[in-house]
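Q: Swiss-Prot lists these features:
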type	residues	note
LIPID	2	N-myristoyl glycine
LIPID	3	S-palmitoyl cysteine
DOMAIN	32-354	domain 'G-alpha'
REGION	35-48	region 'G1 motif'
BINDING	40-47, 176-182, 201-205, 270-273, 326	GTP binding site
BINDING	47, 182	Mg(2+) binding site
REGION	174-182	region 'G2 motif'
REGION	197-206	region 'G3 motif'
REGION	266-273	region 'G4 motif'
REGION	324-329	region 'G5 motif'
């Protein structure tokens, strides 16, 4: 008997080849679809990373986007000044000049009338400028770890003339510095290095965490953000819990979660610029009493990194760590390039191609 295949067998073989080809193509397509989950405690810089992806991979902000950030800049600026004024009462810090009391009243009235998103009137701008240079206000700014203050407070308040100009339009840096609490889930899509990225930013505050869970399926990698500069601060939601200790606890639960046994974990030790300034003045022992090293950036940041890496209970899992400044576009572009290379290598390994 010959070895010729019957028409049926030939058809079955063709079908099998076609299925195999489709599976391979599907596999390659799946390897090109990258789902990234941005996690981390509140105010660790996740939303700023999302804005950077828009700048780096989506051509930046349109003039319409820019206009929409104007009221946010006004509100962030005046709310920051009010936070300092209120903290002066709590910390018993008097104004350097008693005449500032009436300026403070004017600023507080704007908030009471919910007009904080409006452009500053000339009168209000002058009052804010006088308050900002007051010695008591500056003393209170120096104790910002003792109350809740936006990181961008100094950035905006140092630039009141520009923000108060009639023709003011937010710059890219202004937009990166704005702060709006993320509620729900923000999703961004972009392509880079022949890959299709879907990036999810999930609300960081404790009350938002239960909303994360349905994002967890088939995640390629997690970018976990930590604000290094928050080692001497407490949470908004619970003013007895140290922010970095909370981050460590959250990282532990994410890193060792059953959902993420196969997931690459990338750790962004963020706000390195603020940390570099703060570590000279505020001891790391506030968060880590056992720390005996120097109050210097290299040694202190390496210690923080080691604390996070020590939470990883799996010898098979590698934590990819980067020290970042989310408001610095060049830094984030460089880091994200490195992150993408890790994802590509891990993906190829998963497909048996590396």
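Cβ coordinates are placed from backbone N, Cα and C, and glycine is handled just like the others.
On a predicted model such as this, the values are computed, not experimentally measured, just so you know.
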Q: What whole-number Å value do you get for the CA-CA distance of residue 182 (Mg(2+) binding site) and residue 326 (GTP binding site)?
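A: That separation, Cα to Cα, works out to 16 Å.
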Q: Between residue 326 (GTP binding site) and residue 47 (Mg(2+) binding site), find the distance joining the two CA atoms and give it rounded to the nearest Å.
A: 9
Q: Any idea which of the binding-site residues 44, 176, 180, 202, 326 has the thinnest Cβ neighbourhood at 10 Å?
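A: With the binding-site residues 44, 176, 180, 202, 326, fewest surrounding Cβ atoms within 10 Å: 180.
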Q: Would you mind ranking the binding-site residues 47, 182, 270 by how many other Cβ atoms sit within 10 Å of each Cβ and giving me the lowest?
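A: Candidates: the binding-site residues 47, 182, 270. Fewest Cβ atoms within 10 Å: 182.
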Q: For residue 270 (GTP binding site), what is the secondary structure by DSSP, using just helix, strand and coil?
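A: Residue 270 (GTP binding site) sits in a strand per DSSP.
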Q: For residue 180 (GTP binding site), which DSSP three-state class applies?
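A: It is coil.
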Q: Restricting to the binding-site residues 176, 180, 202, 270, which ones have a CA within 10 Å of the CA of residue 47 (Mg(2+) binding site)?
A: 176, 180, 202
Q: Return the average pLDDT for the region 'G4 motif' (266-273) as a whole number.
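A: Mean per-residue confidence for the region 'G4 motif' (266-273): 98 out of 100.
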Q: Tell me the residue counts in helix, strand and coil for the region 'G1 motif' (35-48), as DSSP assigns them.
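A: Its residues divide into 3 helix, 6 strand, 5 coil.
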